[in-house]
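Everything on this sheet refers to the single structure shown next.
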Amino acid sequence: MWMGLSEGFWHHEYWLPPGATWEDMRESADVHYPQPQNLLLCIPGALLLIIVRCIFERTVALPLGRRLGVSDKRRPKVQPNATLEGFYVLLGRTPKKVSGDLVSLAKQSDLPVKEVETWFRHRRAQDRPRLMKKFCEASWRFTFYFTSFFSGLGMSHCLSLVSQPLPSALDWFYLLELSFYCSLVVTLPFDVKRKDFKEQIIHHIATITLIFVSYCANLIRFGMIVMLVHDASDYILELAKMLHYMKWKRVCEAVFIVFAVVFIISRLVIFPLTTYYYFVAKFQLFLISCLINTFLLILQLLHIFWSYLIIKMIFSVILCGATVRSRVTPAGKGWEKWDCPTGRASEFMCWELCGYLCSQRPEQQLTYSLWLRSRGSGKELNVIWVLLQNAKSWAES
């Protein structure tokens, strides 16, 4: 029964293009073809990469980060409190005033409500990932993506037929990529959790599936092109992250713009054109090609989603931030043209205004506390509007 299921699963009509059989991929002393059992090497390969990563982060990334000025801010220590800690772990990181959680916790712990709020704020700060940890993770991914992209670039070949033999270097490169993505899945719960955590899981699962299926079907050259298209922008993103953690703002913004251009061209132009050429213009559709196209479509949807976030970030942080910086410089004119701002640019504008106003009027340092107290209360816009009016009157005077 097991033999029958195995033969049915590996039937050449499912895995190979029309007209090709497993006999065409029979190995000899001089000719090497992909063997599905070789994929089991990704398990020890992933474990080995995790060990190499730990050694790299401790011996290379950590000293490099310290030398480049990456440092973690001191975080206030939280006084041990079993009641508050139990609520934090089991029920939520932020007790709500509306539901009466804060008042109830204050009574149970015999503390004022303000101290309970402060305790939870400091406790959340303790759980935030440290800057050095982010730098080490970005350094590891930058090193791998950079190495894999340029080494793969030297081994890339033109698109070829499925019956052509496989160079051993290409085989090992493919297994290394599979091992790397498997290691990312293993370490994902322990890495810095980002806002697109779910999308990352979907991306890693789709990538591992594509590598596995394309290897078994001897579509490795096509898979190589897909991986090179991905790695072309990944290492630039990790470099931008490293520069951000190093506080090199101008260089970081320039590198991020380069990343955005490379990402959009490679993921939204080259990637779909390559897929169309390989599976529509070159081959007839077969079962595995339909499965591959499905996962490629999933990746493309993720690319569109990430492209939207990238473009949004460029406009909201870099371009709007530059506009705000130019406007807060006192020029004596143009204050009347300001509208009440919203969004992230408004927060950036408020910090810039607070810095400028307090430098010009030290006695007005209360504006800092006014802004901090208003955050999260829905009154940010009112505070910013007051600051704008004060800045206008002080500039005119």
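Positions of Cβ are set from backbone N, Cα and C atoms, glycine also.
Those TrEMBL annotations? Automatic predictions, nothing curated.
The DNA-binding region annotation in TrEMBL covers 107-131. TrEMBL lists 105-130 with the feature domain 'Homeobox'. The domain 'TLC' annotation in TrEMBL covers 133-319. Among the features that TrEMBL reports, transmembrane segment is placed at 38-56, 142-166, 172-192, 204-228, 248-270, 277-299, 305-324.
Taken together, the residues of the domain 'TLC' (133-319) have an average pLDDT of 84. Residue counts for the domain 'Homeobox' (105-130) under DSSP, helix first, then strand, then coil, are 20 helix, 0 strand, 6 coil.
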